[in-house]
Ligand code: GLN
């Protein structure tokens, strides 16, 4: 069967949760036996979000093949348990880049290169690419931004063209809108939805299904009204009520029969009822915890929790696995110093030092690590968090005064973290770090080995700096062991402290691989260690 295409657009406002709706629908279709993938088209001009400050756009999610992508791809993977790739995230910048590169190569044979048809052709080519691989029955394409924005227009135009070219039953357009509640009037309002659907229709795209975000249940008469004004069937006005957790949304969408509407519209074979038992079991564990731990998350982007999306979700998965509620306490590393650190972190059952870039907040991270190392509080360091653990150990245990990462201090006498040799020649910023999956060999008998239960692992990376092996013998002699090494390059990937209940730090990003079905062992065991720590207090 040729792949069918579902397009998810949004209107009224951003942040309605298109990514979660797309992932939830994908989950339901997958649970019915279809093979599904989701891709995201973003209207901004950056080639990818790799160069964006997390404050701008939240976390940058890295795929197995090393693409720096939108954080929604993280949701897709966490819901579907299927990896995404470079092909699953396309920006306006990428589209133009491809078209302009071809123009310079003379591919347009003297023609005037225009938005229509050349840009839209390239968008359509990318929209169909995954479907043509033959791997998928259904490709869901989420269009970032809002209908009506100038920058979204070429994407909507491409959808309009594709609907005609592929045929009526080959595509389905789902439009996500807001039905706000006006407290003063005591009413839910449908006008913004009507206007948004009108904008979309003006662009030549009539949606098949409306998903209406709302804080209150949408009564039948209102659904009727929306259907009437927006040219959709009443049963295709789907309510999306605020959920207790994003992982409830697939079940809420099932209740609203979103999957059935899609199957009917696309004339898909009715395979089976969705098999959601494991999903429900996960929710059961998530919602009925028998213990609670407080985890301190030390980072510099804490004002915007989206900057650490995958870490937060990994704790949700690991919490459920342990039937333990994980309360994350956020600590702005800039505000931590040697005087207040004990007061701030004393009550924590575990502390995680987050990934990051640059000088800001570096000292506070070192203070936090010194404190948990000395106090015996479980510690997990990720990427920059691991590099900080190495610097802290060098300074305070090995007595190497002024030890640093050359990222923070290029003239340090003790560069315990240094730029990788092959990074030194690189001047371009985007897509040039050590990115994507690399294998790592764990030492038998180490904590890391017991956590994973095997020696060969593969994890995803995003960094330019590395542990400097010149210092490795000194570290190991003093009790900080390199328990994970890249077998091809000898780069240190995991360090752990021997005389500490649980102190593990990884150069890679375990959070990028945790899913509902496969909670990541490092997070699961870290939460477990935090539970043990509370018990022992
Ligand atoms: N800034 C560090 C590096 O480039 C760590 C990066 C990260 O935490 N993702 O190596």
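Backbone N, Cα and C define each Cβ position, glycine as well.
Mapped onto three states, the DSSP output places residue 509 (active site) in coil. Note: residue 509 (active site) has non-local neighbours 62, 310, 355, 382, 383, 459, 460, 461, 462, i.e. same-chain residues 6+ apart with C-beta under 8 A of its own C-beta. Annotation comment: TrEMBL describes 509 (among others) as active site.
For residue 511 (active site), applying a Cβ distance below 8 Å and a minimum sequence separation of six or more within one chain yields 310, 311, 313, 314, 382, 520, 523. Under the heading active site, TrEMBL lists 511 (among others).
The Cβ of residue 384 (L-glutamine binding site) has 353, 354, 355, 356, 357, 365, 463 as same-chain neighbours under 8 Å, each 6 or more residues away in sequence. Annotation note: residue 384 (L-glutamine binding site) sits in a helical segment as assigned by DSSP. Marked as L-glutamine binding site by TrEMBL: 55, 356, 384, 385, 386, 387, 407, 464.
For residue 72 (Mg(2+) binding site), applying a Cβ distance below 8 Å and a minimum sequence separation of six or more within one chain yields 18, 19, 22, 23, 40, 61, 142. The feature Mg(2+) binding site is assigned by TrEMBL to 72, 142.
Residues or ranges marked as domain 'CTP synthase N-terminal' in TrEMBL: 4-268.
Feature annotation from TrEMBL assigns domain 'Glutamine amidotransferase' to 304-528.
Feature annotation from TrEMBL assigns region 'Amidoligase domain' to 1-268.
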Those binding-site residues listed as 142, 407, and which of them has the most Cβ atoms within 10 Å of its own Cβ: 142
Averaged pLDDT, computed only over the residues in the domain 'Glutamine amidotransferase' (304-528): 95
Cβ under 6 Å from ligand 1: qualifying recorded positions of 356, 384, 386, 511: 356, 384
